[in-house]
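Chemist: The structure's right below; bear with me while I get my questions together.
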Amino acid sequence: MTQTAHPDSVLIVDFGSQVTQLIARRVREAGVYCEIVPFQSAEEGFHRLQPKAVILSGSPASTVDEGSPRAPDIIFDSGLPVFGICYGQQTMCMQLGGKVESGHHREFGRAFLEVDRDCQLFEGLWSSGSRHQVWMSHGDRVTALPDGFEVVATSSNAPYAFIADEKRKYYGVQFHPEVVHTPDGAKLIGNFIHNIAGIKGDWSMSAYRQKAVEQIRAQVGDKRVICALSGGVDSSVAALLIHEAVGDQLTCILVDHGLMRKDEAAGVVAMFREHYNLHLLHVDAADRFIGELEGVSDPETKRKIIGRLFIETFEEEARKLGGADFLGQGTLYPDVIESVSFTGGPSVTIKSHHNVGGLPERMKMQLVEPLRELFKDEVRALGRELGLPDSFIGRHPFPGPGLAIRCPGGITREKLEILREADAIYLDEIRKAGLYDAIWQAFAVLLPVQTVGVMGDGRTYEFVCALRAVTSVDGMTADFYHYDMEFLGRAATRIINEVRGINRVVYDVTSKPPGTIEWE
């Protein structure tokens, strides 16, 4: 996260809601920079960021319980506009002199709001007497308002569903405007930001790019940077941004573990060397990785072997270069947001990149993380700003351990080659059908099962290939893609005819939950 004040920003105080990140997404979509801070460090975050408005999140906690989370007093003493969502509304009311009780009539799911009076937050959106769908998820509810507040909208089970103190620019809602099930929610948040707080909404990837380049130059100076390039979108965008800032001071290392998709490593190397003039080392470590993985069937053991070998290989190559002062990483904002424990102290969970986890400490390097303020879709937008083609930016997610976790059971070179060919044919058919961009992720899985088949006049005993395709918004939940049978038949026929070693193809129709997207 940024360490300095950020003009025209919004501070989001997180009380532990599972959808707090959606609030940040809605603010960013309105063209405004924001940061999420846990309630325990909200005062420090307020002083550091110097925001122009504050949003208080929901929470699984109950405001009536002793020791439940509170917003720091400075937020209400500052004179800034405040928007309380669900628990945020309740704690705002309690802290300003109102009352909250445990609800006898809980509200979960779709509800309808009756607008009782006009409100500045409704400008161009809602009017008195209108009715609107919202999404509720609360047990407690406000029973008495603080001085200065008025009810502006109600629902059947929430007489204080939408309250406002227009003079102080305080607003509280019992529903969740940040979720898609509240159709006008994003517009309400936009009205709060633009109309109430007066923030322009001119934060863009172009402006972010310029600022990031300046910050990288100031941090790195004339020192050297190395970056682990995986071929994925995150590490690629980070590398291009660092390269724009410091040029030849950056060296990228692509450790090819032999577990990538067909022709993937060669394509990445060609693109970055030929089109972006990046100093890139392509390290062919396939024999090293596959040699240790052969016969290993436990998925967690596979991951640990791959992670350890990656660090060892990367470290060896970095030392051959004479080392570096900085390590570039494609860390994203969701990776660094602190998780909130509303029952105790802050529970900080910072995910390290699966490839370079322990490298900064081992090699005494400082991190350069130019994407750590961005969400995934913003990274893609920045990639376009930097000139990466849509065909690269829009690629489906690919796991760090690669094909190793799409080959359940023991791994062999032969199995990986069979899988690689089947996967390439499957993706080719998806692109030919114009379906690639409609699918979140699609891939082939080579099962550790052989079945009897007949090809020509001969009997075969070969592997089963499972095809997987899902639709999703964020990868947290997913549904299987509903192909027509003609497409599946065409893809299966090509795989069986063109890939020696497969004689049966099946399609995975499992959603997440209960299944996961990947098989291992």
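Including glycine, each Cβ sits where the backbone N, Cα and C put it.
Swiss-Prot lists 9-202 with the feature domain 'Glutamine amidotransferase type-1'. What Swiss-Prot lists as active site, nucleophile is CYS86, and the listing cites sequence analysis. If you look up Swiss-Prot, you'll see HIS176, GLU178 marked as active site, on the strength of sequence analysis. The domain 'GMPS ATP-PPase' annotation in Swiss-Prot covers 203-395. Sequence annotations record features per position, and here Swiss-Prot assigns ATP binding site to SER230, GLY231, GLY232, VAL233, ASP234, SER235, SER236.
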Chemist: From the centroid of the CB atoms of SER230, GLY231, GLY232, VAL233, ASP234, SER235, SER236, the recorded ATP site, which same-chain residues not already listed sit within 8 A by their CB, in sequence order?
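Modeler: For the ATP site, the extra neighbours are LEU229, VAL237, ALA238, GLY330.
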Chemist: Give the residue from the recorded positions CYS86, VAL233 that has the most other Cβ atoms within 10 Å of its Cβ, counting over every protein chain displayed.
Modeler: CYS86
Chemist: Name, in the order they occur in the sequence, the residues of the same chain whose CB lies under 8 A from the CB of SER235 (ATP binding site) and which sit 6 or more residues away.
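Modeler: Spatial neighbours, sequence-distant, of SER235 (ATP binding site): CYS227, ALA228, LEU229, GLN329, GLY330.
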Chemist: Could you check which of the active-site residues CYS86, HIS176, GLU178 is the closest Cα neighbour of VAL233 (ATP binding site)?
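Modeler: With Cα distances computed to VAL233 (ATP binding site), the winner among CYS86, HIS176, GLU178 is GLU178.
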Chemist: Using Cα coordinates, what distance in whole Å links SER230 (ATP binding site) and HIS176 (active site)?
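Modeler: Rounded to the nearest whole number, the Cα-Cα distance is 38 Å.
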Chemist: Can you tell me the mean pLDDT for the domain 'GMPS ATP-PPase' (203-395)?
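Modeler: Across the domain 'GMPS ATP-PPase' (203-395), the average pLDDT comes out at 84.
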